[in-house]
Every structure is written in C-alpha cells, then in structure tokens.
Amino acid sequence: MKASQFLIAIVTLALAIPFGNAYDPSPLQDFCVAIDKLDNGVFVNGKFCKDPKQVKAEDFFYSGLNIAGSTDNDVKSNVTTVNVENLPGLNTMGISLVRIDYAPYGQNPPHTHPRATEILVLIEGTLYVNVGKTPAVAFAGLSSQNAGVITIANTVFGSTPPINPEFLAQAFQLDANIVKDLQAKFA
C-alpha cells in the first residue's frame, strides 16, 4: 500500500467513525419477572417470565437486608444473597447483591464468582484482608442475576473424587500429610 492510499484509508475511516454506533442492543422488554413453571410464558435467562399483567410490586421487593445474619460458624461470617431466586424481578436485569456480616476476626473465605464481577462497600467496621477486631458489615454488588460462588478451599480440598494429595502438596508447597488433613476436613 502506497502512502497516498494509506492516507486515503485513514481519512475515510475518520469520516466514517462519527456515523457508526456501538452499544448494547435494547432489551425486547422492560422486565421479565421469573417464575418456576411455564404459564404460557417466555423462557429467558434460565427462567420463565411471568405474564406482565400478573406482575406485582412485591416481585421487585426484598426485605431483610437490614437484619444481621448469624456469624456463629467456623468462618465467623454470614452471606445473605439477594438474586433472581429470591427476588424474581431481577431476572434479565444482570445484577444481584449480598450482605456480608463479619464477627470479630471473621472472614469470607477466598472465592470467585464464575458469572460476575463484584464491587464491595464496607458499611461498618474495619476489614483488613478480611480480618478485623470488631464486627463489620459490607454489601457487594454483582454483575449477574445469579453470580454463583466457588469457594477455593472446598473446591480444591473437598473435591469428589479427591485430587491426588502428592499433586496438591507440590502445587501448594506443603507436606502431603497436611494436604491429607485438609482433605479430611473439607470432605
């Protein structure tokens, strides 16, 4: 390509850019309240849609995020999830949220959300790598109506069938007996 041809291509592209559009397509409908069974509805995002004429305000309301969850457990924390399963109006909205309550020295074990990104807002207390001396409350927004969660320790040490302890010992640079103890705890 000669320099003059290259220049013409650049100018043509520059002139065409203002006329191009890049955006998410508009949804076909404003909402699709999830229901568990088909009642002459449409199937969207793994859920059937409620007849829009039957939709009520309660389909978009969840009560209970103001109530602390019990942290009387091994990790001293509690996650209260609000997603399409308990707030059917979230279907097709691409969002869910959680309230996380921490007891002093509580933690939210290392985990990942396979279908979402997450943003966390600390409302009360102090979190330092999930360890604080006072109770703490946080809320997290997730970019999916059903983000899913994979807890790393449960997945690695509690898998069925179990992963070979020698392999895990080498991967985590641990003694094989420690790996076997962890596997027994998470089995």
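Just so you know, glycine gets a Cβ as well, placed from its N, Cα and C.
Residues or ranges marked as oxalate binding site in TrEMBL: Asn108, His113, Glu118. According to TrEMBL, the Mn(2+) binding site annotation covers His111, His113, Glu118. Residues or ranges marked as disulfide bond by TrEMBL: Cys32-Cys49. If you look up TrEMBL, you'll see 65-180 marked as domain 'Cupin type-1'. Residues annotated as signal peptide in TrEMBL: 1-22.
Sorted by the number of other CB atoms within 10 A, the disulfide-bonded residues Cys32, Cys49 start with Cys49, the lowest. When the recorded positions Cys32, Cys49, Glu118 are compared by Cα distance to His111 (Mn(2+) binding site), the shortest distance belongs to Glu118. Sparsest Cβ environment among the binding-site residues His111, His113 (other Cβ atoms counted within 10 Å): His111. Summed and averaged per residue, pLDDT over the domain 'Cupin type-1' (65-180) gives 91. Taking the C-alpha positions, the distance from Cys49 (disulfide bond) to Asn108 (oxalate binding site) comes to 34 Å. Using the Cβ center of His111, His113, Glu118 for Mn(2+), the list of other same-chain residues with Cβ within 8 Å runs, in sequence order, Thr112, Ala116, Ala140, Leu142, Ala147, Val149.
Every protein chain considered, the tally of other Cβ atoms within 10 Å of the Cβ of Asn108 (oxalate binding site) stands at 20. Glu118 (oxalate binding site) is surrounded by 17 other CB atoms, counting those within 10 A of its CB over all protein chains shown. Between His113 (oxalate binding site) and Cys32 (disulfide bond), the C-alpha separation comes to 23 Å.
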